[in-house]
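K.L.:
So Swiss-Prot lists these for the protein:
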{"type": "TRANSMEM", "residues": "24-44", "note": "transmembrane segment"}
{"type": "TRANSMEM", "residues": "57-77", "note": "transmembrane segment"}
{"type": "TRANSMEM", "residues": "99-119", "note": "transmembrane segment"}
{"type": "TRANSMEM", "residues": "124-144", "note": "transmembrane segment"}
{"type": "TRANSMEM", "residues": "149-169", "note": "transmembrane segment"}
{"type": "TRANSMEM", "residues": "227-247", "note": "transmembrane segment"}
{"type": "TRANSMEM", "residues": "295-315", "note": "transmembrane segment"}
{"type": "TRANSMEM", "residues": "323-343", "note": "transmembrane segment"}
{"type": "TRANSMEM", "residues": "354-374", "note": "transmembrane segment"}
{"type": "TRANSMEM", "residues": "395-415", "note": "transmembrane segment"}
{"type": "TRANSMEM", "residues": "418-438", "note": "transmembrane segment"}
{"type": "TRANSMEM", "residues": "484-504", "note": "transmembrane segment"}
Amino acid sequence: MIWHVQNENFILDSTRIFMKAFHLLLFDGSFIFPECILIFGLILLLMIDSTSDQKDIPWLYFISSTSLVMSITALLFRWREEPMISFSGNFQTNNFNEIFQFLILLCSTLCIPLSVEYIECTEMAIAEFLLFVLTATLGGMFLCGANDLITIFVAPECFSLCSYLLSGYTKKDVRSNEATTKYLLMGGASSSILVHGFSWLYGSSGGEIELQEIVNGLINTQMYNSPGISIALIFITVGIGFKLSPAPSHQWTPDVYEGSPTPVVAFLSVTSKVAASASATRIFDIPFYFSSNEWHLLLEILAILSMILGNLIAITQTSMKRMLAYSSIGQIGYVIIGIIVGDSNGGYASMITYMLFYISMNLGTFACIVLFGLRTGTDNIRDYAGLYTKDPFLALSLALCLLSLGGLPPLAGFFGKLHLFWCGWQAGLYFLVSIGLLTSVVSIYYYLKIIKLLMTGRNQEITPHVRNYRRSPLRSNNSIELSMIVCVIASTIPGISMNPIIAIAQDTLF
């Protein structure tokens, strides 16, 4: 009898929870319509994978790409709508969040064709790979719109879990297993540190979890200048630092870049930084509004360390992927300048613009590396010597992307850095901008060193990998080359296109 009553109570409670969730989805679902499209795409992928054979593999790519394109379309149709808070304050929809969601969707859309040929050659499980990519994209999108501490913690965990699985996808590779283990352990530690910082913020605000309500709670409790807030700031900065991978939170980055499959590295190298930048901007700007001097100082230290260490250590690397890992550490130092400048001097607009260019530059470089790796089986920088004599198109594409990463005019990277540094200079960050300029010159050195190898014609310097290099047939690798061409064109956009891009970015500020 007691068991029967308990069972009835359990059913009633479950029904209430289900009805409440259905009510939220029914009335608030329109606010997450782009995310719902991805969820529907995930369900379709699962159904097709569980009920069909290998002949339906093209459908898996088609559904994944279509879901991402439809999600981008839904975001664009929702452009310039009034900011809205939904799901009981857990999620906020505004133009600022949506432009970061657009960047994440753009990264994923370019990464899927980039990975098609690689997956087929390495005989990796295709359906699971696409599921993890879409789920990580979904987690990144929710992180961009997260409006409370719980969602800010759960969303990146969704992204991180998929990242761990993707980085260890080649289970038979010892380097991949080592990278995944290191990534998982450091990711778990950083999540614990982040939650500990949230607990200090939660307690100091009188039990508030929504970002704006935390500010009101700190005012009511008079704790906005307390030691507890300083402790929360330090722990949260360290936790977010793992996602952004600035120095000194960068130890996992080179190993994960080197050990993971190259398309996975391309995906993680941009999406994680875009999502973490969106989250960091909102966390520092809203709950820590009264501690702006403190978090400005912390971020300045991280930016300086990242720009110096990332670019100096990149010079010594012999692996192309490890070199790009340290290069990305230096690049995030430039992005942090935009976060520090903030809304007052166009810092956010310059950060968003540089992020857009960084996506094209980085993914274009990785597309070239994927193609070269599939045709030669090597990642060593020395093995790129003389590539221009065998494949001028690939060598020229790689050279343009590297020059754009270095910031040489008239490529897109130059104008992105120019606007970012100019905003920092106007904000009075003279020392930070000077470090950025000097380290940009250093980065140009090691990029030009690679380009010199690409263009060399000396037989004694050309390795057997390039001597035996054979271009694939015209119809092969076309998906990778499509992504590469799109990224190369975007990386070489002249400065005349900067003004409309910056104007659009400025309209997204909250």
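Any Cβ shown, glycine's included, is placed from N, Cα and C.
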K.L.:
Which sequence positions outside the transmembrane segment (99-119), separated from its termini by at least 6 residues, show Cβ-Cβ distances below 8 Å to it?
P.N.:
34, 61, 64-65, 68-69, 71-72, 75-76, 126, 129-130, 133-134, 137, 140-141, 144-145, 261-264, 266-267, 270-271, 274-275, 277-278, 352, 355-356, 359, 363, 366-367, 370, 374, 476-477, 479-480, 482-484, 486-487, 505, 508
K.L.:
Using a Cβ cut-off of under 8 Å, list the residues of the same chain at least 6 residues beyond the transmembrane segment (418-438) that approach it.
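P.N.:
Distant contacts of the transmembrane segment (418-438): 300, 303-304, 307-308, 333-334, 337-338, 340-342, 344-347, 349-351, 353-354, 407, 498, 502.
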K.L.:
Checking distant contacts: for the transmembrane segment (354-374), what same-chain residues at least six beyond its ends satisfy Cβ-Cβ under 8 A?
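P.N.:
Same-chain contacts beyond the ends: 103, 106-107, 110-111, 114-115, 117-118, 121, 262-263, 265-266, 269-270, 273-274, 277, 320-321, 324, 328, 331, 334-335, 338, 384, 387, 394, 397-398, 400-402, 404-405, 412-413, 415-417, 419-420, 472, 477, 480-481, 483-484, 486-488, 490-491, 493, 501.
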K.L.:
Who are the chain neighbours of the transmembrane segment (227-247) in space, where the CB to CB distance is under 8 Å and they lie at least 6 residues beyond its ends?
P.N.:
156, 186-187, 190-191, 193-198, 200-201, 203-204, 218, 253, 272-273, 275-277, 279-280, 283, 288, 290-291, 294-295, 298-299, 302-303, 305-306, 308-310, 328-329, 332-333, 335-336
K.L.:
Under an 8 Å Cβ to Cβ limit, what residues of the same chain, 6 or more beyond the ends of the transmembrane segment (124-144), are close to it?
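P.N.:
Contacts with the transmembrane segment (124-144): 34-35, 38-39, 41-42, 45-46, 48-49, 57, 60-61, 64, 67-68, 91, 97-98, 100-101, 104-105, 108, 111-112, 115, 118, 151-152, 154-160, 162-163, 165-166, 169-170, 261, 267, 271-272, 274-276, 278-279.
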